[in-house]
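See below for the structure under consideration.
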Amino acid sequence: MSDYKSSLNLPATQFPMKANLANREGGFLKKWQNDGLYDQIRQQNQGKPKFVLHDGPPYANGDIHIGHTVNKVLKDMIVKSKSLSGFDAPYVPGWDCHGLPIEFNVEKKYGKVGVKIDASTFRSKCRKYADQQVLKQKQDFQRLGILSDWDNPYLTKDFQYESDIVRALGRIVKNGHVSKGYKPVHWCTECGSALAETEVEYKDNQSEAIDVKFRIIDDSVFNMNKPVSVVIWTTTPWTLPANEAVALHPELNYVLVDIGDEYLLLAQALVETSISRYGIEATIGEQTFSGSELEGLKIKHPFYDKQVPIILGEYVTIDAGTGAVHTAPAHGQEDFIVGLKYNLPVECLVDIKGVFFKETELLGGQFIFKANDSVIEILKQANTLVKHESLMHSYPHCWRHKTPVIFRATPQWFISMQKNGLIDTVNREISKVQWMPDWGKKRIELMMDSRPDWCISRQRFWGVPITLFVHKQTGELHPNTQALFVSIANRIEKEGIEAWFKSDAQDFIGNDANDYDKTTDILDVWFDSGVSHFTVLKARKELSNVADLYLEGADQHRGWFQLSLISSVAINGKAPYKNVLTHGFVVDKNGKKMSKSLGNVMSPQKIVNNLGADVLRLWIASTDYTSEMTVGDEILKRSADSYRRIRNTMRFMLANMQAFNPVEHLLDNKQMLDLDKWIVAKTANLQTQIIKAYEQYNFHHVVQLILNFCSNDLGGFYLDVIKDRQYTTQANSLARRSAQSALHHITEAMVRWLAPILSFTAEEIWQNMPSEKNTSIFLASWYQDLTFGYENKAIDITREISPFIRKQMEGMRGEKIIGSSLESEIDIYCETDIFSTLSQLDDELRFIFITSYIRIHSLNEKNDDCIKAIEGVFIKVSKSRHEKCVRCWHHREDVGNNAKHPELCGRCVENVDGKGEIRKFA
């Protein structure tokens, strides 16, 4: 038996089957960094249309988690796809570097300020800690394959950034949006500081719910012979010492309930449920009183010797309780607002740690939550407690300490939502922005509807100072405030925030220092990131004043999206972004939020070290990120399987372009075989869909299209069909060069499709492609040399028939009748139109079905052995009775006809010893 292996064009490539991503990806990272790839891209794309995705800064504390990974990879895919589309798409990463989490970590190591460490040294330690965290996170982000200006990120602790924060504050003050007020704000007793809305999260908490009687002093309006008390319901007993009124709804009806020795005043709509809760016998009166009729009545505090009024509040509801609301203006926002209307006192009895001041009657020195029991006992002794029970309900907690927060009235600095029409302008700007998904618009509108003034001051150490001087008598700002903002910002630009803290008032305002207080508060850390449109977008020449896109998690509607919008409108009168895109949270396979306590955390570092960054990126791209994103070992395994399918497809094509040089061998589309024209046109149409999906940030659709192409059009059809032609025709034949030309076009297109998602693998493919290339795939644009518009009815028909033929062959394999499909022969019986179409392929039809013989018959020739395939087509598959050609493995009648090559079929003889076979179709 002769060996004809040397006469075959066997595939060969240096692109390995085994990806070994975890080890191989690092080499590409190093090359990108050594080559200065990001700078090369910027230089190449200079002058092209700009697309700016502005990075919302993660907090510089701890390892990056899977949520960070999703966020950064989504951004990276957008930036890379925009670059492929011909945009100059710079990407500047950022980090949030001030704030409490860093303070707490430094405190753990060095102790509290004023106890074991001075404030200046403390801030220095915070700065150093932030540097360490940024470096660690940056390395992890880079390992994910994210191309960014890593050498020039924006850090909110940088002197330049800190000074620009002060300049931004100056602009907002100048525009009349900043005010000082004594108002109740969210307060964390652990932090000892005010919290912004964005720093509060809601979770279940057990509270003590109590119903309390306030004896009505002037009860003549009721004309009753027994005392009357209005009953309130509250879940914060500790706030009762600060009570200044009881609020009723003006339009609700209230009734008297006779309980024997007195009457209780309750909302008519809540009488039945209240009596049931109290477990008492009672008679409900028939006469009703509207809330507005009872306004101004004096009532007795339940345990202090003082009188408070009945007032009216539209916010009173009948969802729970009694329809009467205990009002403590120092400890509730609605209480405070209604208190302004009635000129109620705003007296805070609680210090920064949540302890009652010593002079507080009956409760001095007690921590508020522990004081609940004391308050309940005092009420019992005063005979004013109607009901007490524990209640599990949603309650605000500090997002850092996970402890309940309170409302506490303190002097704070605010950005007023009402002054100078800020909220109205914000709402107008919301409608100009494209929100994706579209529910984002409604969500932020609802948040703005109930948006309180933004408390921007904090009573901490590590942050940008509120650089204001306030007159000791009048409370007015210094008349040279704007000039002071300029000079102070210039000093901070050179020396950092220490320039403010180490100086006294005289250093800035000279002799006026005797009349003015130098503010000691620092800015809310959300202000730092919220003004990044001013400090980064506007400040960096490679960016633009308004970002094309902000992309963050769904929680940022109440965070960075909202506060960036407010600050931008306060400074510039317009939104800082044109489009806002939201992604969902990552949950485990059971839909549960990831947490260390549940033991369900998926570490991106472990995934990358095990499977490689590209598999993790593929999972992100494959998932509909607009809702919750589910991840687990099994899901990642499926992503790894999908990755292998793509890699194997690309490897097959690279291997079959062996000895192909596009400069010498690339055929014009008109010269190519019909099947090759068809697959190139298919690729062209698919590229149009893929680019559109990228433009819509619809990455999971991109992945679906690519996988379907690999599995069906390529792996399930075209690549199988061309194997015979690739391996057996002469090396430089038109048939082989045609297929290689098609593979060249497909690979050139696909490597670009893959680049935003499988960045490392795309670069590896690029380096193994047989042509002169730029140094990196990321310097390329979408492939432009695909030919559209070719259709072929014969191919469409064969693809419809093919599954039925394969099924027949599988059955025959199962019965051991045949092994390879080349051991079979096929008879097709079809109606006239199909007969005519398929007949045009002549003997080449067998290559489409990968069989040794195909015979086409008229439909009326079919017999009972035939199986229906499609309408108008029947098939019969049988075992070939002919000898096998040792070179192409086809079973052909002419095997043995050539004396020189008795083991070869006729066409193999022609390919080995003749001019080579001629192919036109497949």
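Cβ from N, Cα, C; glycine included.
Pulled from Swiss-Prot:
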| type | residues | note |
| --- | --- | --- |
| MOTIF | 58-68 | motif ''HIGH' region' |
| BINDING | Glu552 | L-isoleucyl-5'-AMP binding site |
| MOTIF | 593-597 | motif ''KMSKS' region' |
| BINDING | Lys596 | ATP binding site |
| BINDING | Cys885, Cys888, Cys905, Cys908 | Zn(2+) binding site |
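Here the features listed in Swiss-Prot are painted onto the structure.
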| residue | record | Cβ contacts under 8 Å, 6 or more apart |
| --- | --- | --- |
| Glu552 | L-isoleucyl-5'-AMP binding site | Gly56, Asn71, Gly559, Trp560, Phe561, Thr582, His583 |
| Lys596 | ATP binding site | none |
| Cys885 | Zn(2+) binding site | His891, Arg892, Val895, Glu903, Leu904, Cys905, Cys908 |
| Cys888 | Zn(2+) binding site | Asp724, Tyr727, Thr728, Cys905, Arg907, Cys908 |
Using DSSP, tally how many residues of the motif ''HIGH' region' (58-68) sit in helix, strand and coil. 3 helix, 1 strand, 7 coil
What is the total of other Cβ atoms whose distance to the Cβ of Cys905 (Zn(2+) binding site) is within 10 Å? 28
Note down the number of other Cβ atoms within 10 Å of the Cβ of Cys908 (Zn(2+) binding site), including every protein chain shown. 28
Other than Cys885, Cys888, Cys905, Cys908, which residues of the chain come within 8 Å of the Zn(2+) site, judged by Cβ distance to the Cβ centroid of those residues? Thr728, Val886, Arg887, Trp889, His890, Arg892, Val895, Leu904, Gly906, Arg907, Val909
Tell me, by DSSP, whether Cys908 (Zn(2+) binding site) is helix, strand or coil? helix
Roughly where does the motif ''KMSKS' region' (593-597) sit in mean pLDDT, to the nearest integer? 77
According to DSSP, Cys885 (Zn(2+) binding site) sits in coil
So, three-state DSSP: helix, strand or coil for Lys596 (ATP binding site)? coil
